[in-house]
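Asks: Okay, here's the structure, questions in a sec.
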């Protein structure tokens, strides 16, 4: 399987002769000629394992496993080809080890780590990724997600988690969680990994100021960040109405209630069932239930059907003790504030600078247009706002209506209950 970026080959990973359900006879990777000197200048450009066994057929899960391995190799090659050896990356990177475990790759394949570790190289590439990430201003409201690769965003997400309370002992678990979430985002025009990271980043920007004023706990902050990163994981690229009208399996499973949001919740907790991906694995009893309920309610709060109800709650909050700083407050009020925050982060893209917001506007219109075409073919009703999006005028009309009816009233209220640099910047735009 090729490891490539924008159709340019970086390396090739090969698995030969499956020997049992979760074991391969031989696995190797070969770098493209132009990469060999910079990455593997001290070692061979190929590493291979070979043992003797009887063979069994490959299945689709093997292809998925190989794709995950290629993702890890591509990440290192694209970002830090000058930082050391690919062998070191595979032998020391906990993310790769957990992926192999998660997808039941055999001890034969995992022993690749031990063979690589004999190289005795001391550069931790993922740590280097995080260090390099600090050169980027993650505290800027003008952070441009499109200027960075998906792999860089993984490193930035880990750095943000560390800034918000993830300990040194939890870093490997955090890495595993972020990578597992990233691999489960689908390649939609809008609802993709970059969007997931954006909502996570916007949540961080607001949290970094609001949580201190309100006295939110470390766990509350981490619950919100986990929710934000996972809030659209596994999104199929269509709306809840499409799921319901097409009588999808998801719609039946979740009884037509916040179908996609419940799907995202489910995937989030499926990922965290693996202890190596669960930042909250030590929580038990009531603390565990509080964590789970908080994350579920936060992700469900991103369903647009709750927008006007939340706006009404926010108006009531704004009218209460306007001049008084609220520190902590009741758990019920904090939950509402956290739900307002994550929903605000989900709506922030259209309030950013034109060079960023215009890209997101086109992407969401592309997704809506594709859904309208599918609905027409299936004989399903097409929402009025999804019609005519093949024309620039139709897209402009949709954006103007969304800004006037949804964004302006919302952000005018947000600044009264949780002001921050990002909130003020959006209100100024």
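Heads up, the Cβ atoms here are built off N, Cα and C, so glycines get one too.
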Asks: Among 303, 346, 362, which is the one TrEMBL gives for the Zn(2+) 1 site where 195, 231, 232 also bind?
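Replies: The record-listed residue among the candidates is 346.
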Asks: Could you work out which of the binding-site residues (232, 346) has its C-beta surrounded by the smallest number of other C-beta atoms within 10 A?
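Replies: If we count Cβ atoms within 10 Å for the binding-site residues 232, 346, the smallest count is at 346.
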Asks: Neighbourhood of the Zn(2+) 1 site (195, 231, 232, 346): other residues with Cβ within 8 Å of the Cβ centroid, in order?
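Replies: Counting only non-site residues, the set is 191, 196, 198, 199, 228, 235, 302.
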Asks: Could you check which of the binding-site residues 231, 232, 346, 399 is the closest Cα neighbour of residue 191 (active site, proton donor)?
Replies: 232
Asks: Just checking, which of 191, 194, 195, 231 (recorded positions) has the fewest C-beta atoms within 10 Å of its C-beta?
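Replies: Lowest Cβ count within 10 Å among the recorded positions (191, 194, 195, 231) is 194.
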Asks: Limited to the domain 'PDEase' (118-429), I'd like the whole-number average of pLDDT.
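Replies: Reported value for the domain 'PDEase' (118-429) is a mean pLDDT of 91.
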